[in-house]
Amino acid sequence: MSIVMQLQDVAESTRLGPLSGEVRAGEILHLVGPNGAGKSTLLARMAGMTSGKGSIQFAGQPLEAWSATKLALHRAYLSQQQTPPFAMPVWHYLTLHQHDKTRTELLNDVAGALALDDKLGRSTNQLSGGEWQRVRLAAVVLQITPQANPAGQLLLLDEPMNSLDVAQQSALDKILSALCQQGLAIVMSSHDLNHTLRHAHRAWLLKGGKMLASGRREEVLTPPNLAQAYGMNFRRLDIEGHRMLILTI
């Protein structure tokens with residue numbers, strides 16, 4: 001798989017790094033670790049929203065060399081929960097994120113997959129927290145999906161599962177898997193280690209802004225690594241053919 005993004009000695013004051021790594025096309029990479037590990041800081045840096053020490057190459061070019069307009073065509077970024085910036089119909093908000101605004105069928109498909117069919121005419125400031133999160137997710141998917149944006153390469157998601165129920169999380173997993181199969185690179189933060197063990201291809205385990213481990217999910221999410229990150233003891237079990245992590249007392 002080709003390298004989409006290369007990080008070299010990336011650091012930000014006392015909050016992050018230095019750390020290095022690479023993001024590959026057609027894979028889902030999870031950032032895991034305790035609160036304050038630096039996951040959100042790292043995602044914002046990878047999105048080009050902040051600057052600091054070290055270097056990031058995106059599609060073979062320095063990240064800082066990308067204009068905001070061009071960057072928005074090649075990568076999409078979902079930050080942590082935000083309130084709607086202003087009131088407008090959901091369909092209008094989603095349309096603003098589409099590069100090809102004639103693809104109304106795609107908008108309807110993505111909205112339907114995230115159970116937003118009956119919310120398209122509602123104002124963004126009249127949504128619940130979970131509804132707004134799904135609208136935001138639909139927006140970044142529409143922005144970057146190769147179906148309508150052949151230039152799309154990278155999707156960055158900061159705790160995308162927040163405020164989603166089990167069915168909605170499953171729906172999002174299906175969408176992300178489909179995007180991955182179309183060649184998109186996906187990087188997302190997660191607090192659900194078992195979800196990472198099931199759905200990520202690779203993982204970066206962070207603590208205190210440092211990278212404790214990186215590699216295939218099974219190699220990273222080991223009891224010794226997790227004990228070092230969280231200060232708690234874990235066991236990894238096989239239950240009906242699925243691996244699962246549990247805390248031990």
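Yeah, the Cβs are placed from backbone N, Cα and C, and that goes for glycine too.
As recorded in Swiss-Prot, the features of this protein are as follows:
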type    : residues                                               : note
DOMAIN  : 1-233                                                  : domain 'ABC transporter'
BINDING : GLY33, PRO34, ASN35, GLY36, ALA37, GLY38, LYS39, SER40 : ATP binding site
Pick from ASN35, SER40: which of these binding-site residues has the biggest number of other Cβ atoms within 10 Å of its Cβ? SER40
Least buried of the binding-site residues PRO34, GLY38, going by other Cβ atoms within 10 Å? PRO34
Below 8 Å Cβ to Cβ and six or more residues apart, same chain only. Which residues does that give for GLY36 (ATP binding site)? GLY208
Starting from the Cβ centroid of GLY33, PRO34, ASN35, GLY36, ALA37, GLY38, LYS39, SER40, which together make up the recorded ATP site, report each further residue of the same chain whose Cβ lies within 8 Å of that point, ordered by sequence. SER189, LEU206, LYS207
Counting only residues 6+ away in sequence within the same chain, which have a CB under 8 Å from the CB of GLY33 (ATP binding site)? LYS39, LEU205, LEU206, LYS207, LEU212, ALA229
At a 10 Å cut-off from the C-beta of ALA37 (ATP binding site), count the other C-beta atoms across all protein chains. 25
Among all the protein chains here, how many other CB atoms are within 10 A of the CB of LYS39 (ATP binding site)? 26
